[in-house]
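Down below is the structure, laid out as structure tokens.
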Amino acid sequence: MSFKMTQSQYTSLYGPTIGDAIRLGDTNLFATIEKDFANYGDEATFGGGKSVRDGMAQNPNVTRDDRYVADTVITNAVIIDYDKVYKADLGIKNGYIMKYGKAGNPDIMDDVDIIIGASTDIISGEGKIVTAGGIDTHVHFINPEQAYVALESGVTTHIGGGTGASEGAKATTVAPGPWHIHRMLEAAEGLPINVGFTGKGQAHNHTALIEQIHAGAIGLKVHEDWGATPSALSHALDVADDYDVQIALHADTLNEAGFMEDTMKAIKDRVIHMYHTEGAGGGHAPDLIKSASYPNVLPSSTNPTLPYTVNTIDEHLDMVMITHHLNASIPEDIAFADSRIRKETIAAEDVLQDMGVFSMVSSDSQAMDRVGEVITRTWQVAHRMKEQRGYLDGDKEYNDNNRIKRYIAKYTINPAITHGISEYVGSIEEGKLADLVIWDPAFFGVKPEMILKAGMINTAVNGDANGSIPTSEPLKYRKMYGQYGGNLTGTSITFVSNIAYMNDIERQLSLHRMVRPVKGIRQLTKKDMKNNSETPKLDVDPQTYEVFVDGKLITSEPAKELPLAQRYFLF
């Protein structure tokens, strides 16, 4: 016996279906469902009088040993990823993504590929959005509280360096030498996120670099505050090629040892992660931005310049002075800071992100920007660029899927690929760690509802513990059981170099977290950056600092008002 209902009735019960559009927060972006795995009338839903009951959508016979039986199912969720906007059930088993598809009881339902049994828990995803956990690849490990702030924004992986509130850590993403690297690997045992640490990349003696890779560093950071000379950079890249790790570069702002072209000659055709490629965060003044046109450069932005607003320029001078230990009474220090802040290149940066020329977004946590705003600022840029540049090719009214896929890739899959961890995290694909973020669409990009780490609920919005219901105010982010006991170490990964992994760094340091090697880095090119692989010719006028793409001037107007901003932070 069939039953008919209106589209609005269906959506209120089971969430949007194919062809429906969802507004993301208070932005001007709309995600349209491309595919729905549901069989209408056979949706799995939990609750009183709902279908997930014994003998109905829950199979009464299967045990957990059946490989199709999930530990957890997120029902009827909208999955937004770099390659899809799907409506599906999402199965999790042993902490990994088992499958997205149709969940239920195959004895009485068609097309079931995720079985709900007595060992299965349910998270209701009706009307919710699920994304992969974000990855921030420019983290100064200055303060361990950064991990919790990042988690509450939807970021589940941190890559960078530092040792606490030292001057070196405040200025450079470096954990220098085996002793510091080992201590940070041990400290990570108490953090609720995935981590990987970068060592110091300045040494003409290869042995001084190699020992850091053996100690567990997943790459090296070459930073101008330690000396970003072409020679130091070339030596670091030699070691990276031998050990399949990444080099992250904060280039030479003062052009002391050479210009942008000299740096590129030292790099040759070797892959490199170019930090804050616009240049306000540091790097060859005024034309570091040109490096984004090279096929071996994987360019990222840090978020202080994203998006370009009426306040951006004024904010930057003090940030540069404090972060890089400069003295306001020394004219040369003031000149150094001023040389990095150019409204013309900052205005071009948003456009280059929108064109897919810049591939990633990161934070530069406490060292020129905010660890909890990577995701928010990414979507603010997407909103501003739609306002100023219109639809991307293939998009149309109530369907911004191409732009959405481009921007979500910037803080999920592309950082994972760049640092050799995409086998484990970075997207919603079978076999990857179930690091998942669940959003109410009205709060998308700014305040997630729940964060899962390796399939365990790690952080969630929840009410007063003495309340009669879980929504008793005050509603706020609270640690869940994924952060307690053995789950703290059992649900997060510490990434290390392959040589450290092969030498059993886990046993050497008595680490209890999952330890996994980075891999597949040195053969990368910009073509591997999902939805963000453009390499047009870039030029910068040395007098006006205007930026040209294939000979055409690009710029944007500073925003006076943004979405995902004050209306979400009244309390």
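All positions are counted from 1 along the displayed chain.
Note that Cβ sites are derived from N, Cα and C of the backbone, with glycine treated the same way.
Take the CB of His324 (active site, proton donor) and look out to 10 A: across all protein chains shown you find 21 other CB atoms. The active site, proton donor annotation in Swiss-Prot covers His324.
Marked as Ni(2+) 1 binding site by Swiss-Prot on the basis of sequence analysis: His138, His140, Lys221, Asp364. The Cβ of His140 (Ni(2+) 1 binding site) has 26 other Cβ atoms within 10 Å, all protein chains considered.
In the three-state DSSP scheme, His276 (Ni(2+) 2 binding site) falls into the coil class. The Ni(2+) 2 binding site annotation in Swiss-Prot covers Lys221, His250, His276.
The annotation substrate binding site is assigned in Swiss-Prot to His223. Taking Cβ-Cβ distances under 8 Å and a sequence gap of 6 or more within the same chain, the neighbours of His223 (substrate binding site) are Ala171, Thr172, Thr173, Val174, Gly201, Gln202, Leu249, His250, Gly282.
Sequence annotations record features per position, and here Swiss-Prot assigns domain 'Urease' to 133-571 based on sequence analysis.
Here Lys221 (Ni(2+) 1 binding site) comes close to Gly160, Gly161, Thr172, Thr173, Val174, Thr198, Gly199, Lys200, Gly201, Ile247, Ala248, Leu249, His250: these same-chain residues lie at least six apart in sequence, with C-beta atoms under 8 angstroms from its C-beta. The N6-carboxylysine feature in Swiss-Prot is assigned to Lys221; the stated evidence is sequence analysis.
For His138 (Ni(2+) 1 binding site), the same-chain residues 6+ apart in sequence whose C-beta sits under 8 angstroms from its C-beta are Ile159, Gly160, Thr173, Ala248, Tyr275, His276, Ser300, Thr302, Ser362, Ser363, Asp364, Ser365.
DSSP assigns Asp364 (Ni(2+) 1 binding site) to coil in the three-state reduction, outside any helix or strand. The two recorded residues, His324 (active site, proton donor) and His140 (Ni(2+) 1 binding site), have Cα atoms 13 Å apart. Sequence-ordered, the extra residues of this chain that approach the Ni(2+) 1 site, with Cβ no more than 8 Å from the Cβ center of His138, His140, Lys221, Asp364, are Val139, Gly160, Gly161, Thr172, Thr173, Ala248, His250, Tyr275, Thr302, Ser362, Ser363, Ser365, Ala367.
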